[in-house]
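Below is one structure, written out as structure tokens; the observations come after it.
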Amino acid sequence: MGVWLSKDDYIRDLKRIILCFLIVYMAILVGTEQDFYSLLGVSKTASSREIRQAFKKLALKLHPDKNPNNPNAHGNFLKINRAYEVLKDEDLRKKYDKYGEKGLEDNQGGQYESWNYYRYDFGIYDDDPEIITLERREFDAAVNSGELWFVNFYSPGCSHCHDLAPTWRDFAKEVDGLLRIGAVNCGDDRMLCRMKGVNSYPSLFIFRSGMAPVKYHGDRSKESLVSFAMQHVRSTVTELWTGNFVNSIQTAFAAGIGWLITFCSKGGDCLTSQTRLRLSGMLDGLVNVGWMDCATQDNLCKSLDITTSTTAYFPPGATLNNKEKNSILFLNSLDAKEIYLEVIHNLPDFELLSAHTLEDRLAHHRWLLFFHFGKNENSNDPELKKLKTLLKNDHIQVGRFDCSSAPDICSNLYVFQPSLAVFKGQGTKEYEIHHGKKILYDILAFAKESVNSHVTTLGPQNFPANDKEPWLVDFFAPWCPPCRALLPELRRASNLLYGQLKFGTLDCTVHEGLCNMYNIQAYPTTVVFNQSNIHEYEGHHSAEQILEFIEDLMNPSVVSLTPTTFNELVTQRKHNEVWMVDFYSPWCHPCQVLMPEWKRMARTLTGLINVGSIDCQQYHSFCAQENVQRYPEIRFFPPKSNKAYQYHSYNGWNRDAYSLRIWGLGFLPQVSTGLTPQTFSEKVLQGKNHWVIDFYAPWCGPCQNFAPEFELLARMIKGKVKAGKVDCQAYAQTCQKAGIRAYPTVKFYFYESAKRTFQEEQINIRDAKAIAALINEKLETLQNQGKRNKDEL
């Protein structure tokens, strides 16, 4: 017998069925999308190096060249190649972590190299522990850490780079501990290599904080590389004798520095001069290195009970003629690296701060503090003992604190595992926990940046939810590589915005409740709190773009439109006004990716094109009325004419600020003047006006890209300088006479009224603002010269 359901029961059951269907559908959908991390067999915490190594291993196994009989080989390889292309890129990795593959619709990729490339050219130095592969985000911090770096800029396809690789590996092992050996893959980091002036491969440079980079021009043998490197190593070896021995020892001991002395006698072996120099460089600032010739200093050696060649380390305060020699370390090795490790292992540990004096000590000095729980884990890395010396000039003291002696103190600082933090001289109120690599150069960079920045570690007690001052808060997880990459940029941004905005970081693995309260679903999520207003940052991980975001919050470059204001400002715009409008929906991932680019574009078009956006989730009916069928929908509204309602839709693949700007400028009426051979001669060469000329060819792609930029320049300098264009395909002879050898070429022709002659100057910049600034500077110089000439008359 059937059972009749009431209307309410029917609706309730129908909702349940629909919900179950949706759950099953989503499970199937999720199951079909393979996780990029799983594809490569790495964890979400994997470093760039680990991702490269995992991809290379898979590439050599799955490449279509090695699987010619597998019809699925191409498709399978595309999947892992796509995963690698996304995860190796910091910005794409952040998008993927936050939105999944939907957030990558503008970055499709799809190309890969041959099997031989992955076997022989890919990740040349990833398996060499002595060589550190540096990426753009960490390069400056590394080479400015205070250590000496020798960096190899190479390209994977360069045969000379591969010829050098075995020598570079041997060289790195030879000088390990003496200086840092780095490598930069210019195939992956083209921008970094261009910024460093690298235009040939391999290029080898010495870097040290406070000095200009030095390029190596010698032959590429290990011996020549070692010789060149040693020229830049700070090494002083003192010959000790009766006249200077006592004073040298006492002066060093008074400064807390010990001596490593090799005694050379007839019997046994003492260290060679080359080994002594290397040890001096390796122990620079930690231990003085000296030698004594016992053949000429026989009495002094006997007084020290030295009867044969030997090497000994005398720590500060050691009794030199103590026959028990309990405090003196005698070394049996003749190898510089072995001696270095033994000496540095015997150096005293950092000062242990007590719970009783901690607050007072941190209130009067800047500190880098290691937190440990009972056993000091840092003693496993003797290299870290260099920190005290390398941070001395920055007035940063280095110490340690045992959390097992006062658990409450560490708990209040949210320190629950061995870690280190910088305290900025204000007690325990202002501090920042280190989340980077536990290696010397990374800790040095962190300490120097942190003490001079204005970023603080946040928790429930100091979270600025209701603070009257605006705050930028970075919600992050320490295991997330894009999060760690963002932290140095936040420090830079905090200095640029000091006094306008406070900066803090919140570790969501420690403060899960706070992160859930603000619905943090991906890391890093950066939010600006301005009393009741909350704004999420969606831009790239750079201090400059964070600065742009804050400036845009204070002075918005994009008009938020409503149906009413759209009608008033866009539909009924003035005759000479133009608009670009973004129709978007907040839930749409491509819209979210577009928004920071849209704002960046708007700032560059101020005064030329009005830029707006309209929320189609809030104003759904209006967007439907405007026939908006997809998001984001970008439209250009040209100057009003007698024609019906008119606009142009953007159909380009790239939605970055540059591409959109070029597209919008292309609709503006031309301000520059097209010149013929006759008008070029009459108006430019024989006239009395300043001119800037774009020499171009219609078939030239870069010329087409530059054309809107030149029109923007023409508008920026209108009234001061005339702008003209010469078609070098139509008027080849004119361009030849003007000395044009490439397209586009920009030249500034300026008229010197005092001499009644024209001068010309080639401009090798392609940015309208930069060209305008250069021209204005030149005009000011000409004006000042004119004034001086009048004064002289």
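Note that Cβ sites are derived from N, Cα and C of the backbone, with glycine treated the same way.
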The residue range that Swiss-Prot labels motif 'Prevents secretion from ER', out of 50-53, 554-557, 722-725, 790-793, is 790-793
Look at the disulfide annotations in Swiss-Prot and name the partner of Cys483 from this list: Cys480, Cys508.
Cys480
For Cys480 (disulfide bond), which DSSP three-state class applies?
coil
Three-class DSSP secondary structure - Asn530 (N-linked glycosylation site)
strand
Other CB atoms within 10 A, centred on Cys700 (disulfide bond)
16
Going by C-alpha positions, which of the disulfide-bonded residues (Cys158, Cys161, Cys480, Cys703) is nearest Cys588 (disulfide bond)?
Cys480
Quick note, Cys483 (disulfide bond): same-chain residues at least 6 apart with CB under 8 Å of its CB -> His435, Asp474, Phe476, Ala477, Tyr523, Pro524
Could you give me three numbers for the region 'Trxb 1' (235-350), the DSSP helix, strand and coil residue counts?
36 helix, 25 strand, 55 coil
Taking Cα atoms as reference points, rank the disulfide-bonded residues Cys158, Cys161, Cys480, Cys591 by distance from Cys700 (disulfide bond) and give the first.
Cys158
